[in-house]
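Notes to accompany the following structure.
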Amino acid sequence: MPPKSSTTKHIFVTGGVASSLGKGLTASSLGMLLKARGLRVVMQKLDPYLNVDPGTMNPFQHGEVFVTNDGAETDLDIGHYERFLDRDLDGSANVTTGQVYSTVIAKERRGEYLGDTVQVIPHITNEIKHRIRRMATDEVDVVITEVGGTVGDIESLPFLETVRQVRHEVGRDNVFVVHISLLPYIGPSGELKTKPTQHSVAALRNIGIQPDAIVLRCDREVPTAIKRKISLMCDVDEAAVVACPDARSIYDIPKVIHTEGLDAYVVRRMDLPFRDVDWTTWDDLLDRVHNPEHEIVMALVGKYIDLPDAYLSVTEALRAGGFANKARVKIKWVTSDDCKTPAGARVQLGDVDAICIPGGFGERGVTGKVGAIQYARENGIPLLGLCLGLQCIVVEAARNLAGVADANSTEFDPATAHPVVSTMAEQLDIVAGEGDMGGTMRLGMYPAKLAEGSIVREVYDGKEYVEERHRHRYEVNNAYRAELEKKAGIVFSGTSPDGKLVEYVEYPRDVHPYLVATQAHPELRSRPTRPHPLFAGLVKAAVERKTSK
């Protein structure tokens, strides 16, 4: 159905009262509903920090770095957008204050402002506006832009001023602002309090933005009287005051906000062409989420487990692997340091059905990851290694099977006598401190050729060539490949098309049912409705192992 007008519509999502309210999930759910109504939707996140991208940020502070097909290192919310929309996004989906200022300062140095005094308004806001409006192509009906931070933060002001200007320039009928606010419950008095939301909306109006809808985040159902009060005090239609209580699964959120009528209100208010929501695919997903036939325990052995967001795409990919097998995947968070010794590994991993070794950087925790791999190999526990996980599998094989006791990676010991994992040639200067760390890894989508008869070729449905997203500086040292295959029995089952870079390793089926690893980050391409084959294969192996006991 063609749009009634050629103007691409803009929906802006802001947050108030507190951070971590789930703006990204709410925006993603709205995007999924609009797509299910036949609209072409793209999404974008505006991040108010001064880093150019999150690539050099501590995972404990920021969570995971989500890499897009074109190699951009972006915010984890971009992962939510891709999973809910089932659409690949690119680097333009994440705009940071650092990117904006870098561009404006570079233009000033080139003399592009012709003597102007460069200021936040109009130069910074114009650059933000350009990055928002360039998403509005002829192939897009709706752009949903999430404004990071909380209304009232100093850092968010240029972005919010830009939202006001966009609304003025493209027309009020073409812009819709959704404000997400916390509705706290005060236990002793037994009341839901509306005052924080009123103050948050007042702060937004002070900047010149009147929200068109308010989403109330709370831990319980919201009475109609509370909605009416917020509608009156915040000057929003009662139909546009939407309650979004905590859900059992994040994949329930689209149904929640659809039941509250947000998507219907948006399409009518913006005069968008629409059809009824097609729930076919999503209902099948929810059936798999809530009515599993199996349950398995999956150990995620990592070094950043105090902040689960550091492994967000991995955990979602593991759960999606469960959906593919009608299984519920319970994540057991295991600190890698607890697996340093065989006894420690046995305590942590003795009761699990499968293990995932995710990526990471630096020496801390690596000994434990190697210990976990040894335990899985010796006890036939299905294991999937990702990026650093692959490198640790190669190190473990060299040390314990090939007789190279001091085998290591140059990342952990630059002077190691046996660098079975080494720095990629083009990364040597950067590792030596002679280049920028940010945005310089092997990033983005790269192809691989899979060996005939291998487990990975089988799980990829027999495909000879596959593509995955990458983020690494180190690779398996080709000088040790023949020795490791001969002495350790490990199979290098996938390489770059020229055969020079190891992309997949595994053990033969008669040695281990499923000990597989990839240098890539396949979790970044997993979707709840289209689980990634490597994760589906891992869960399948775990279910088979558990049911055969």
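Cβ atoms here come from the backbone N, Cα and C positions, even for glycine.
The active site, nucleophile annotation in Swiss-Prot covers Cys387 and rests on sequence analysis. The Cβ of Cys387 (active site, nucleophile) has Pro358, Gly359, Gly360, His470, Arg471, His472, Thr518, Gln519, Ala520, His521 as same-chain neighbours under 8 Å, each 6 or more residues away in sequence.
The Cβ neighbour count for His521 (active site), using a 10 Å radius and every protein chain shown, is 24. Residues or ranges marked as active site by Swiss-Prot on the basis of sequence analysis: His521 (among others).
Per Swiss-Prot, active site is recorded for Glu523 (among others). Glu523 (active site) counts 30 other C-beta atoms within 10 Å of its own C-beta, drawing on all protein chains shown. Glu523 (active site) carries a helical DSSP state (H, G or I).
Of all Cβ atoms in the shown protein chains, 15 besides its own fall within 10 Å of the Cβ of Gln198 (UTP binding site). Under the heading UTP binding site, Swiss-Prot lists Ser19, Lys193, Thr194, Lys195, Pro196, Thr197, Gln198, Lys229.
DSSP gives Thr194 (UTP binding site) a coil state; it is part of no helix or strand. All protein chains shown were included, and the count of other CB atoms within 10 Å of the CB of Thr194 (UTP binding site) stands at 19. What Swiss-Prot lists as CTP binding site is Ser19, Asp153, Ile154, Glu155, Lys193, Thr194, Lys195, Pro196, Thr197, Gln198, Lys229.
Look at Swiss-Prot and you will find Ser20, Leu21, Gly22, Lys23, Gly24, Leu25, Asp77 tagged as ATP binding site, backed by sequence analysis. A helical conformation is recorded for Lys23 (ATP binding site) in the three-state DSSP classification. In sequence order, Val13, Thr14, Gly15, Asp77, Glu146, Gly148, Ile180 make up the list of same-chain residues 6 or more apart from Lys23 (ATP binding site) whose Cβ falls under 8 Å from its Cβ.
Following the DSSP three-state reduction, the secondary structure of Asp77 (ATP binding site) is helix. Positions annotated as Mg(2+) binding site by Swiss-Prot: Asp77, Glu146.
If you look up Swiss-Prot, you'll see Gly360, Leu388, Gly389, Leu390, Gln391, Glu411, Arg473 marked as L-glutamine binding site, on the strength of sequence analysis. Every protein chain considered, the tally of other Cβ atoms within 10 Å of the Cβ of Arg473 (L-glutamine binding site) stands at 18.
Confidence across the domain 'Glutamine amidotransferase type-1' (301-548), taken as the mean pLDDT and rounded to a whole number, stands at 89. What Swiss-Prot records for 301-548 is domain 'Glutamine amidotransferase type-1'.
The region 'Amidoligase domain' annotation in Swiss-Prot covers 1-272.
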Inset, instruction - Round to the nearest Å and give the CA-to-CA distance linking Glu523 (active site) with Gly389 (L-glutamine binding site). - result: 13
Inset, instruction - Tell me the Cβ contacts of Leu21 (ATP binding site) under 8 Å, same chain only and six or more apart in sequence, or just say none. - result: Gly15, Ile180, Ser181, Leu182, Arg217
Legend entry - Length of the line joining the Cα atoms of Gln198 (UTP binding site) and Gln391 (L-glutamine binding site), in Å: 53
Inset, instruction - Spatially speaking, which of the binding-site residues Ser20, Gly24, Ile154, Leu390, Glu411 is closest to Thr197 (UTP binding site)? Use C-alpha to C-alpha, please. - result: Ser20
Legend entry - Alpha-carbon distance [Pro196 (UTP binding site); Ser20 (ATP binding site)] in Å: 16
